[in-house]
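**Q** Dumping the structure here so I can ask a few things about it.
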């Protein structure tokens, strides 16, 4: 924030937001914060576009409305994405402008501009959110009725009619075409000339009535078309030419094109698929081994669900949704590694059974399989194997159809996609802050710091990670100010990622800001951003996942924020701030910027000084000051309010009726008791107690677990036991007529090694 804008009288005569959205100009602002501050240039709303809807599939073809009034009916509209992809636009009868979203090979916020003079100038600008095709709501796609039938068509027992349905009101026109598109990746793997391509193949049905339903009996595709086995259907108004790009469209989901494959598939699907499976296996043989560089799986389901900065629910097998795990029989929950691996952009998957034990492909076809191409794609996208969803289909899904679903050769697939066990997995460390701020450091020390201001919670020289917290004075239930504070905002960034801020607004609504702009989660709850993923749940839980594997979880509770920071092991000895130095030693938790330390048994007043020392400065603040009150209190005011003296020891008066309630309510939780007494609110006490319990449970779930690694059965024998963690036993039996040498049973020991010797029969 250049303070020049706030200090000089605004003379708004000359500056314009044309071509300048997001900038701070000499006399006024075109930044998103200008509206609440009342310093926008007069034409801000004309040039800086608001759109609805703001998101859609990366396949494109979605019509969105520009809410600003910019044009007249005679304007010739063009929309340009990323300075290069031009799509059509139009002005509707009501005078509102519309754009059509383009086919993109990436996800995330995409800048676009609009021209009203046929492409001479593009002064209007905004952003469009491109979304993974599987994460778009079903209502935006056309539906393959009984999708399994489409994907198994022509295999024994699957024939007859196929039906496609769609929302007919998506098109004003009376007739539509249905096209078949195929996806391929050409060139040499892992080189510059490796390219991704969606290609129009042929029109399945032309000029059919737009009734929202179409049924047909599929014919085997002719000639070279039958070599395309992964693709998608597109419905467009009939007036357009075949395969015309970036026009109003409704796409199906991507699927295995069994229904269109040629006569050779229909005549003998098993032989066709077996040949394809063996060909895939030979190709894999020549590709680099990606399994060596992907992160190991958490050892237990509890670890997997606690490590939220690095693993996220795999929607194909979710314990919260009834554990419908089609591809992983025997599993109750699977997770995927959030970040793709650094060199090969590969993905990890980890599945667990009802006892919380990892299921491995070495023991069961329900085991988790890693992915050569991460399902979500990965930055910088654009090229294989980083194309969201579709690279994954080509390397990891269609091959599963060849080997496991259309033929009985699953051993080929499992050999190339073996589960990772958890011998190398190291859980992250957690630090938390909640209530009338109570701090729990990475090394397990806790203290209460009730300063008022903006402070560094943790920063790291390893990845330039910064997490900052703002505390504001709490209010008693009657509205008067209490002499204590609580977290009201948290802002964070790593390297040059987008800046995320979570805060309570002045009317106590939880807001999430992305680069100073309030995020609307009405269409998408998961966002792929620059250097960071953002996830928002219905119960106002925000998870921020940075590319280093560090993450922050924030919950609104009882008018204060509670937050947890998770850091992987590589951050050991690389942190400082209120959450201390993460190194397993509590003696140096109270370390100042100049590396001097304060004793662990410091007094409340000394702790208050330690906290004040970590106040942020305007130059390094990540917060957004978009109201008069925030500017006055935190931008122009002190970053640490030295004149605010909190209550250090609340008085417990036995005659106080609240004390009786508190004792029953808080039980023995000291933080709950403390906060009830300082805020006179059982609600605050309740959320403090819940946050404290959550933190203890998280630390418990993230304790390291010793694994001795997977054991195979002996040739001509079998084994009993599929748990490879500390204390578990695996026993071995030989088939009839064979004799066992070596150990009959082996126990996983505290050293991480199995007892005894490898058995043979």
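Glycine residues also receive a Cβ, built from the backbone N, Cα and C atoms like all the rest.
According to TrEMBL, the feature domain 'SMB' maps to 13-52. Annotation source TrEMBL lists domain 'AMOP' at 269-417. As annotated by TrEMBL, domain 'VWFD' applies to 429-622. The annotation domain 'Sushi' is assigned in TrEMBL to 706-761. Annotated disulfide bond per TrEMBL: 734-761, in sequence order.
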**Q** Which numbers of helix, strand and coil residues does DSSP report for the domain 'Sushi' (706-761)?
**A** 0 helix, 19 strand, 37 coil
**Q** Tell me which residues of the chain lie with their Cβ under 8 angstroms from that of residue 734 (disulfide bond), as long as they are six or more apart in sequence?
**A** 714, 716, 717, 740, 761
**Q** For residue 761 (disulfide bond), list the number of other Cβ atoms lying within 10 Å of its Cβ atom.
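**A** Other Cβ atoms within 10 Å of residue 761 (disulfide bond): 18.
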**Q** Would you mind splitting the domain 'AMOP' (269-417) into helix, strand and coil residue counts from DSSP?
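**A** Split into helix, strand and coil, the domain 'AMOP' (269-417) gives 54 helix, 17 strand, 78 coil.
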**Q** Count the residues of the domain 'SMB' (13-52) that DSSP assigns to helix (H, G, I), to strand (E, B) and to coil, and report the three numbers in that order.
**A** 8 helix, 6 strand, 26 coil
